[in-house]
Each structure stands twice: as structure tokens, then as C-alpha cells.
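Below: the structure, in C-alpha cells.
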Amino acid sequence: MSQTGAPPRWRNCPRRGQPVAGKFLPMKTMLGPRYDDKVPEENRFHPSMLSNYLKSLKVKMGLLVDLTNTTRFYDRADIEKEGIKYVKLSCKGHGECPTAETTEMFIRLCEHFIEKTPTELIGVHCTHGFNRTGFLICAYLVEKMDWSIEAAVAAFAQARPPGIYKGDYLKELFRRYGDVEDAPAAPPLPEWCFDEDEEEDGEEDGSASAPASEPSSSHTGQSKKKKERLKLGAVFLEGVSVKGVSQVTTQPKLGEIQRKCQQFSEWDRSGFPGAQPVSMDRKNIRMLEQNGYKVSWKADGTRYMMLIDGRNEVYMIDRDNSVFHIENLEFPFRKDLRIHLSNTLLDGEMIIDKVNGQPVPRYLIYDIIKFSGQPVGQCDFNRRLLCIEKEIISPRFEKMKLGQIDKAKEPFSVRNKPFFDIHAARKLLEGSFTSQVSHEVDGLIFQPIGKYKPGRCDDILKWKPPSHNSVDFRLKITKVGGEGLIPQTVGLLYVGNYDMPFAQMKITKDLKQYDNKIIECTFVNNTWVFMRQRVDKSFPNAYDTAMAVCNSIQHPVTKEILLEFLERCAQVQSRKNPADSDLMPPPPPKRSANSIPQ
């Protein structure tokens with residue numbers, strides 16, 4: 001491993017657990033500021049963060065035991081200046097359990113400290129704070145506090161889930177302090193063990209020998225992706241029942257679909273590969289005059305990619321990377337309607353239109369990445385829009401006219417979403433357009449005309465009225481209060497991988513049902529206000545996303561600012577392309593009862 005890089009699998013490993021037996025705080029190693037250029041801000045763990053955490057708990061740590069085999073991770077002076085005694089107790093790890101001598105030294109050290117200062121915590125860390133750390137804490141609980149080894153292992157697992165996850169460590173603990181036959185099976189490896197973009201060519205503590213640690217069976221040299229998460233019971237399109245849709249949960253089919261979508265999108269990481277827009281602010285709005293853009297309305301829909309891979313092989317992929325099989329949805333080949341499309345990947349959103357008071361689900365296609373194996377995502381956006389209309393929508397319409405597609409059997413309708421030149425934004429916001437759309441419109445999307453880019457895309461801008469700006473948080477309801485104060489129930493709001501709350505909100509009786517759920521909140525009168533639960537998401541917004549939204553709240557791009565800026569852009573564009581200045585956005589197509597819907 002590079003001497004300047006973070007340890008393997010460290011980045012998304014939880015920073016710390018909860019106190020064990022009121023005495024020990026297990027944690028991973030901290031990394032000093034010298035690693036900041038290697039570690040994203042939301043993943044950092046400086047010594048100062050430990051100090052702030054202890055202050056928030058109103059507890060004091062008097063001793064920190066460092067079990068790693070290196071001194072490069074942080075400066076011990078940053079610990080000692082907080083009045084915490086630092087002790088280095090090197091412990092190999094990597095397939096070697098702590099020796100009897102090391103265990104005895106740890107126990108004597110902690111026993112001596114606790115006798116002198118029984119009210120102060122002892123911090124313990126190895127590289128990740130699970131196996132070596134858990135082993136020695138459990139040994140102390142058994143030898144000095146008369147715990148059974150079963151109770152000690154269970155208590156550590158509860159305080160630092162999933163606990164000790166190396167089977168040989170568990171067996172050695174039970175061999176020393178119980179019956180090795182009673183040793184529990186090692187728990188499944190935690191998700192962070194499968195982190196992508198981690199170096200694997202050296203020991204976690206920075207020495208040069210080859211790694212002997214997990215996860216060898218799942219983390220091959222060919223792929224450094226995280227293990228894909230499986231969300232059982234995923235909901236397809238909240239609020240309406242859609243026939244013929246079922247979640248794909250069996251392997252290898254699930255993995256094959258996920259990998260195909262990632263490969264088609266040229267996404268070399270795990271998770272959902274779709275392009276993600278960023279919030280418009282007063283800085284990035286200038287990209288609209290520097291680059292070519294198209295605009296469309298922002299529907300309050302649910303994001304899905306669609307993989308078309310043959311007859312009865314149509315799949316939808318949501319932002320949690322959950323996969324749904326869609327029955328009775330046909331996509332014929334334009335040049336021969338008897339042939340079904342395959343190797344085709346679309347991007348779009350499911351919306352719920354209101355037609356005669358009844359909910360009607362529709363899929364709006366707004367981009368295409370692959371068509372019959374061809375990388376159309378590399379083409380400019382105008383050509384991709386043409387491809388959607390000509391190769392996806394029109395062949396379906398032709399086959400409907402021939403009576404060869406039974407619309408009544410399809411689970412939902414499929415349409416292409418139109419995009420316009422940016423000067424049409426005023427019509428989209430102020431004209432009769434919104435009244436002619438049968439679903440909720442909550443802003444605008446500005447799409448660059450360049451090639452498709454997977455993941456977060458700083459070029460795709462979403463604009464919402466300042467009153468609609470929102471953040472998706474993970475809500476954790478807890479009681480807070482110091483000595484002599486009445487405990488109060490508050491909602492702590494978390495983003496990204498941070499284990500410190502980003503903000504907090506007042507908790508009502510109705511909000512208690514959303515504990516540990518993802519909720520969308522807006523900022524009103526200097527407080528975060530609940531909008532809705534996001535059942536389509538399992539993770540909160542990233543820290544950078546939340547900060548961008550906060551910036552847009554503090555320095556909003558109002559409708560007036562936006563339209564005035566676009567007016568100037570349109571004048572520049574019309575001088576370059578006079579013929580385009582006459583284009584106006586048509587209203588969404590209104591179809592008669594006798595016409596065939598797309």
C-alpha cells in the first residue's frame with residue numbers, strides 16, 4: 001500500500017462504535033490532515049473530530065491505545081494536547097490474533113488506568129477497530145470483569161456492529177476463555193469491506209508483506225467494486241399499484257442486469273450508474289451561456305433506467321440499484337417489427353398522470369445510452385433525442401396501429417420527454433404549459449448537448465423555486481439533555497457517511513414513524529421541515545449535495561434571476577443561430593379518446 005494513501009477499506013468503515021461496558025470506546029484509526037487530498041471530506045476522521053465527539057457526549061477520555069503497526073496515520077501530539085494519554089501497543093493483525101503477551105500487556109495497562117481514573121473512557125483502535133480491538137476488549141471483560149466470553153462477544157458486536165468478523169479471532173477467544181466448539185460463526189462481512197478504488201498491494205498498517213485478510217473470496221484482482229446491496233421488498237412507483245412488475249432478487253440474473261447497465265454506461269463502480277444532476281446556483285448558472293443546453297420541465301417523478309434485452313426481458317433499475325422485471329412491454333425493431341430490441345439502455349422517470357381523476361403511470365424517456373449495442377450515448381444530445389423518437393417510440397406506435405400491441409395488457413405507457421432550446425424556459429414556467437401537463441411540475445432541467453456521463457454530472461443543472469429546494473436526510477430520533485436538564489426528543493438529520501448530524505429538527509408524533517428512514521426536508525423560517533418519506537431511496541444525499549442545496553437556499557436563483565439570465569443567453573444564441581429563435585415549446589400532446597397512446 002502507498003505510504004501516503006489511506007488504508008484499504010478504511011474510507012467507508014464507520015469511525016467509531018458505542019462505549020462497551022461503560023469503559024471502552026472502539027474506533028478505527030484516525031488520519032491526520034496530510035491525507036486530506038486522498039480522502040473525501042465526508043469520509044475524513046481527524047483527531048479533532050474525536051475531541052468534538054467526546055465533548056458532544058459530555059464524557060472524558062483519559063487513555064487512547066493504538067494497536068496499529070505504524071506511526072504514520074496521525075500525530076500523537078494532537079491526542080495528547082487534549083489531555084489524553086497515548087500508548088502504542090503494536091499488534092500485528094492480518095491473520096494473527098493478539099498473542100497472550102500482548103493481551104496481558106493490554107489488560108494490565110487498562111486495569112492500572114481504570115483503578116486511577118474509573119470514570120474516564122479508554123479509546124482503543126487498530127486500523128478498522130473491529131478484530132484486534134474487539135479481541136482485546138473482550139479479553140479484558142472476561143479476565144477483569146468476570147463476563148462470560150459469549151456475553152463479551154455479543155456486547156462488542158452490539159456496540160460496534162457487526163462485531164468481530166474474523167472466524168479465527170472468534171475461535172481463539174473461545175479457545176482461551178471457553179470452549180472452541182461453542183465459537184459462533186463469523187458474521188457476514190460488512191459492506192465497507194468491499195469498497196472500490198482501494199489499494200490492495202500491502203498490509204493495512206503500511207508494511208510490505210502481502211495481505212492475508214478478508215475479503216479474498218469476494219474482492220478479486222479483476223474487480224474492486226463494492227458488493228452490490230440487495231434491498232428486499234423494494235417498492236416500484238410509490239402510491240399506485242402497477243401490474244406485471246416484480247422485483248428481481250435471484251442470482252446470477254440480478255448481478256448480470258446490474259453489471260450490464262454499468263458497463264453500457266461506462267460506470268466502473270458499484271451502484272446505480274445513471275447521470276445525476278446538481279442544483280443550480282449563482283456560479284454554475286454561467287455554464288448556460290458558455291455551453292450548449294436544452295431545457296425541459298422537471299417532473300416530480302421516480303427515476304428509473306430501463307434495460308431492453310429481448311422479448312419479455314425488459315427491466316427497470318432504480319436509484320438503489322434494485323431491479324424490476326416488466327411483463328408485457330414490447331419494443332419492436334424499426335426495420336423489422338417482428339424482431340424485439342435488445343442491448344438497449346434508456347434513462348427516464350416514472351410519473352403518475354391524472355386522467356379523468358384516475359392515476360395513470362407513464363414512463364418518460366429522456367435519454368438513451370445504448371441502442372442495439374451501439375454507443376449512442378457518445379453522440380450529442382440532439383441526436384440521442386432523435387434516436388429515442390425514431391427507434392424507440394415510433395416502432396411501438398406503428399405496431400399499435402397494426403393492432404399487434406395490446407395497450408390494455410401493458411403495465412404502463414411509454415413516451416419520450418421533449419426538450420427545447422433554453423429560451424423556452426419562460427413558456428415552461430409562465431405559460432399555459434404547466435396546466436396542460438397531467439402530473440406535477442416542480443422545476444426545470446437544463447441538459448448539456450454533450451455525451452452522456454454516468455454518476456454525478458456537474459453539467460446537468462436542476463432548477464427549483466427556492467421554496468422547493470430540499471435535502472434527503474436520514475432521520476434518527478434520539479433524546480438529548482445534559483445533567484440536571486429534562487431530556488428532549490429531537491430528530492437528528494444525517495447526510496452521506498457522516499456519523500455527526502448535519503442538522504436537527506423538531507419531532508412531532510407523526511414524525512416518529514420515520515425514525516431511521518430517508519426523509520425529504522425543505523428549509524422554512526430557519527428550520528428544516530418534513531416534506532415526505534423517500535421510499536425510493538435507501539441512502540441520504542451526499543454531504544456535497546446537501547451543502548450545495550444550503551448554498552442555493554442562502555443565495556437563491558429566483559425565477560426572475562433565472563429568466564433574466566436566460567434572456568441574455570437566448571439573445572447570444574439567436575445571433576449565432578437565427579433560425580432557432582422562432583422555435584417555441586409545444587404543449588404536451590393531447591390525444592383524443594380514439595387515438596392510440598404511445
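Placed from the backbone N, Cα and C atoms, the Cβ positions cover glycine too.
According to Swiss-Prot, the protein carries these features:
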- CYS126: active site, phosphocysteine intermediate (ACT_SITE)
- LYS298: active site, N6-GMP-lysine intermediate (ACT_SITE)
- ARG303, ARG319, ASP347, GLY348, GLU349, LYS462, TRP463, LYS464, ARG532, GLN533, ARG534, VAL535, ASP536, LYS537: GTP binding site (BINDING)
- 193-206: compositional bias 'Acidic residues' (COMPBIAS)
- 207-218: compositional bias 'Low complexity' (COMPBIAS)
- 25-183: domain 'Tyrosine-protein phosphatase' (DOMAIN)
- 1-215: region 'TPase' (REGION)
- 186-227: region 'Disordered' (REGION)
- 233-598: region 'GTase' (REGION)
- 575-598: region 'Disordered' (REGION)
Nearest of the binding-site residues (ASP347, TRP463, ARG532) to the residue listed as 'active site, N6-GMP-lysine intermediate' - Cα to Cα: TRP463
Between ASP347 (GTP binding site) and the residue listed as 'active site, phosphocysteine intermediate', the C-alpha gap once rounded to whole angstrom: 44
Helix, strand or coil at CYS126 (active site, phosphocysteine intermediate) [DSSP, three-state]: coil
Cα-to-Cα gap, TRP463 (GTP binding site) vs CYS126 (active site, phosphocysteine intermediate), nearest whole Å: 45
Annotated GTP contacts ARG303, ARG319, ASP347, GLY348, GLU349, LYS462, TRP463, LYS464, ARG532, GLN533, ARG534, VAL535, ASP536, LYS537, maximal Cα-Cα distance (Å, integer): 24
Rounded distance in angstrom between the Cα atoms of GLU349 (GTP binding site) and CYS126 (active site, phosphocysteine intermediate): 45
Of ASP347, GLU349, ASP536 (the binding-site residues), the residue whose Cβ has the fewest other Cβ atoms within 10 Å: GLU349
Fewest Cβ neighbours within 10 Å, where candidates are the recorded positions LYS298, ARG532, ARG534: ARG532
Other C-beta atoms that fall within 10 angstroms of the C-beta of the residue listed as 'active site, phosphocysteine intermediate': 28
Around the Cβ of TRP463 (GTP binding site), the count of other Cβ atoms that are within 10 Å: 24
